[in-house]
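Q: Below are the structure tokens for one structure; questions will follow.
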Amino acid sequence: MTDHVKSSVHTKGPFILAIAGGGSTYTPGIVKSLMVKLAEFPLAEIRLYDIDSERQNVIAPVVEKVIRDHSDSIKFTVTSEPEVAFSGAHFVFAQMRVGQYSMREQDEKIPLRHGVVGQETCGPGGLAYGLRTILPMVELIDLVERYADKKAWIVNYSNPAAIVAEGVRRLRPDARVLNICDMPVAAMRNIAAILGVDRDAVTVNYFGLNHFGWFTHAFVDGVDRMPELRKHVAKFGLLTEDAAATDPQHADPSWVKTWRNIQPLMEHFPEYLPNPYMQYYLMPNQIVEHQDPDYTRANEVMDGREKKLFAAAAEYKKTGILSDAFHVGVHGAFIVDVARSLAFDLRQRHLVMVENRGAIANLPYDAMVEVPAYITSQGPEAITVGKIPLFYKGLIEQQLACEQLLVEATIEGSYEKALQAFTLNRTVPTMQHAKAILDDMIEANSDYWPKLKKAFVDGVAQ
Ligand SMILES: NC(=O)c1ccc[n+]([C@@H]2O[C@H](COP(=O)([O-])OP(=O)(O)OC[C@H]3O[C@@H](n4cnc5c(N)ncnc54)[C@H](O)[C@@H]3O)[C@@H](O)[C@H]2O)c1
Ligand SMILES: O=P(O)(O)OC[C@H]1O[C@H](O[C@H]2[C@H](O)[C@@H](O)[C@@H](O)O[C@@H]2CO)[C@H](O)[C@@H](O)[C@@H]1O
Ligand SMILES: [Mn+2]
């Protein structure tokens, strides 16, 4: 790194980094990734911040061990005090799950009771999660603005990222927040494995919203290898042996099915390679048929990733030996790469969420889209996509309207707008389904959602 490199924050490092949602199952993996890249992203201090100190205290010793295996000098702080967490911080990685896994379980199980897709970020489950997360995300931004370095960046993984991004755009348009998702990089990992090349050798073009988009090209040495990918997908979906081997979570039955489902999606629309999450919108009936209403992905995660990590933490406490309890993978690597590019103006090309501003010519200027962008010290510079075909434009516009209505419902406390959002979602067949699911969700989310008021009761304006 040379002296002329522009830094986004007030220092070129070592940085103070806070992780909001410190008790997350992903924290040890992200910190491991930070340690591996310490020479490129120097750190003075790592702070874990969580509103659930009990949960965070279980994870913290594992995180401390990961740090100490690599560095004696990095200060490590664990706190539930915003002032302690954010004072002078240069970067904040956000990964909050508002309502934790017990509410994820509700998000997935309530729609399934009504015969509708039950998923963490897609369909009614994602909308419910959005209603829980927008305001806590804004609160986090305000805390960071109050205490942190004035040029601090928040790099946000907290889901549902598309809705969070739109909420932040509406409520805190000037905040230095970059919303990211690891699904495209996970798909790129599989694409590279299929093509037999290194992940860094693949450059993709992509357009859409978060968890709602398509890869249009996959270039290797300037040659578009999409034709080869189509042939592989026609037989196997986007599944590779490598994915399961290098990412244990992706050996879980639900992920294997998800990668396989790229095959029917591309059989019908072979032009572009869909984000795996398109399965929920384009083949919801098959998804519901194969979902167990009593045992959803939340249960799989609690019985898998969470249990394994908590057991390893308990064993470490007892024996001082830390087993192989967590996974680094693309998730940890991606957020660190993005932060490095922000910190040192590296202008690396990554798929991130940005305000459209004409990048996709025939979508609204202010839509929060997911496209390739150069990550500079001043934030993302979106790469022009141009016009997209009518079919994709139509699908995206419907989803965008759904997500924007959900944000408006949250801000205005509007029952009608929430019902409109639920009705507009492609996974929801009728307005009656939308209402029944919404009403059940209002009850289940009474500790989390803003109060939704009806503008009309029995036909009378309130
Ligand atoms: N964008 C992506 O592609 C991507 C990828 C993976 C995970 N995620 C998201 O990362 C988050 C963490 O996932 P997980 O499965 O590890 O969940 P988790 O429940 O293990 O961890 C989330 C933590 O956030 C904490 N939290 C909740 N509300 C908070 C608040 N207001 N302030 C501070 N902390 C708060 C919880 O107490 C919990 O410890 C989720 O939002 C998940 O959806 C996003
Ligand atoms: O069901 P979960 O909690 O295991 O995962 C939900 C998340 O799925 C995506 O992230 C994957 C990523 O694709 C994969 O490569 C690896 O890093 O694991 C991640 C978690 O499984 C998705 O992008 C996230 O938004 C979801 O939260
Ligand atoms: Mn994601």
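Backbone N, Cα and C atoms are what each Cβ position is placed from, and that goes for glycine too.
A TrEMBL annotation is a machine prediction, not a hand-curated record.
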Q: Can you tell which of ARG297, ARG305, ARG340, ARG347 TrEMBL lists as binding substrate with ARG104, ASN159?
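A: That substrate site, as TrEMBL gives it, pairs ARG104, ASN159 with ARG297.
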Q: What does the structure give for the C-alpha distance between ARG297 (substrate binding site) and GLU120 (site 'Increases basicity of active site Tyr')? Integer Å is fine.
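A: For ARG297 (substrate binding site) versus GLU120 (site 'Increases basicity of active site Tyr'), the Cα atoms are 8 Å apart.
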Q: Quick one: mean pLDDT on the domain 'Glycosyl hydrolase family 4 C-terminal' (206-428)?
A: 95
Q: Restricting to the recorded positions GLU120, CYS181, HIS211, which ones have a CA within 10 Å of the CA of ARG104 (substrate binding site)?
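A: Near ARG104 (substrate binding site) by Cα: GLU120.
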Q: Which ones, of the recorded positions GLU120, CYS181, ASP182, TYR277, have a Cα no more than 10 Å from the Cα of ASN159 (substrate binding site)?
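A: Taking GLU120, CYS181, ASP182, TYR277 one by one, the ones whose Cα falls within 10 Å of ASN159 (substrate binding site) are GLU120, CYS181.
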Q: Around HIS211 (Mn(2+) binding site), how many other C-beta atoms are within 10 angstroms of its C-beta?
A: 26
Q: Per DSSP, to which secondary structure element type does TYR277 (active site, proton acceptor) belong, with helix, strand and coil as the options?
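A: The residue in question, TYR277 (active site, proton acceptor), is coil (DSSP, three-state).
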Q: Taking only the binding-site residues ARG104, CYS181, ARG297, which have a CB closer than 6 angstroms to any atom that belongs to ligand 3?
A: CYS181
